[in-house]
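One structure is given below, encoded as structure tokens.
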């Protein structure tokens, strides 16, 4: 049975001492970092020995690398290294060049993912095994200083290492392995932090995730004129088109005034994280888009002007809705007054409103007799496609003879269906509708004009479904609608 090399026992003993000393929680990562440090130390000293021997005209001893450990063997006459060189840690005992791991600084192993070398190693701290003398020599620079406690403090290098670039490349061509990692400004092991677990953080899209039942939207005072202008400005924005009166009031109340005192003020910058949605009350802004996706230096760095935003317009909603970077840069062209809505309030009101509306529709559709035969999944698809519309009392919702393009479900209020009389007769009521009733389906079933007019008797709220959605989503109940068609009786 072959005997275990003495160098192996020394390395294992050094590792055991460090394990007992540090008590690491991640033993595999600790051992990996430990041996990476040892390997970097070995490579560093090998390069120093090779450079020193080549400078003195003496070849490197063959027994030094790779057949045996250069830190554990006796001095070779061909190595060109003085036998009086101190061992690591400043002591004179022990094999030449052997690093005393037990005497290294404690913070070297504070974390399994810490850097291979202590922070002061690159700064030439006294006592560091990779002091400034070693770093300067490894980079091909002249070393005129002596570190009393450094690993290579007694080494003096001559003119052979004075050239910074040429000597380095010449030596590297004959090196049996790549240059040590310590030559780069970032001295990390080759597989540093490889396959380590990392944290990912993102905003929750679940409206109930905040779990804050006491949350209230902020409210900033406004005049009635400002309120009306803001209502008109957001009325045409697709993000607010589905909000009811209560939700719209929350949005308008949460808008905060922001004054832009002069022109050429950047309000949002392309590539930045979205933070606010803006409504322009007065003034004007230009919108620029850069092909690089961010603002570049120089007068043309914002990119080409693609649009302008004046009073009553808005911008910035896409970055807030999709949690994306700004797609354009907006800069004022004159002193302006803007109203801004912060990110959290924007998402809370809009996301919650969509969530609550969907749940309301699902609950409401369960009570509609026509849709009782549908599965919950089919009803949920209908709920996603519905839109709410309000009508004041005594308002015509549909008119007899018009082209039909919507299907209606009455959410609240009362309505009546009328048909025109023949030969001067007055219109007569043919049906009355209450909560959960539906109408408007006959024109969509056969692509015929409206067969009757529907008039609201009180203020009503109806859920509407377009023709495409009607044909796509209500296929399972089409037979029931045709069966209830009074024309088939």
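Along the chain as shown, residues are numbered 1 onward.
Using N, Cα and C of the backbone, Cβ positions are placed for all residues, glycine too.
Here is what TrEMBL records for this protein:
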REGION    49-147  region 'Disordered'
COMPBIAS  72-87  compositional bias 'Low complexity'
COMPBIAS  138-147  compositional bias 'Low complexity'
REGION    163-220  region 'Disordered'
COMPBIAS  184-202  compositional bias 'Polar residues'
DOMAIN    239-367  domain 'Cyclic nucleotide-binding'
BINDING   317, 326  3',5'-cyclic AMP 1 binding site
DOMAIN    370-483  domain 'Cyclic nucleotide-binding'
BINDING   441, 450  3',5'-cyclic AMP 2 binding site
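What TrEMBL annotates, mapped onto the structure for a quick look.
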residue	record	Cβ neighbours (10 Å)
317	3',5'-cyclic AMP 1 binding site	21
326	3',5'-cyclic AMP 1 binding site	21
441	3',5'-cyclic AMP 2 binding site	22
450	3',5'-cyclic AMP 2 binding site	18
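Applying DSSP to the domain 'Cyclic nucleotide-binding' (239-367) sorts its residues as follows: 40 helix, 41 strand, 48 coil.
In the three-state DSSP assignment, the secondary structure recorded for residue 450 (3',5'-cyclic AMP 2 binding site) is coil. Cα of residue 441 (3',5'-cyclic AMP 2 binding site) to Cα of residue 317 (3',5'-cyclic AMP 1 binding site): a span of 36 Å. Across the domain 'Cyclic nucleotide-binding' (370-483), DSSP helix (H, G, I), strand (E, B) and coil residues number 34 helix, 41 strand, 39 coil.
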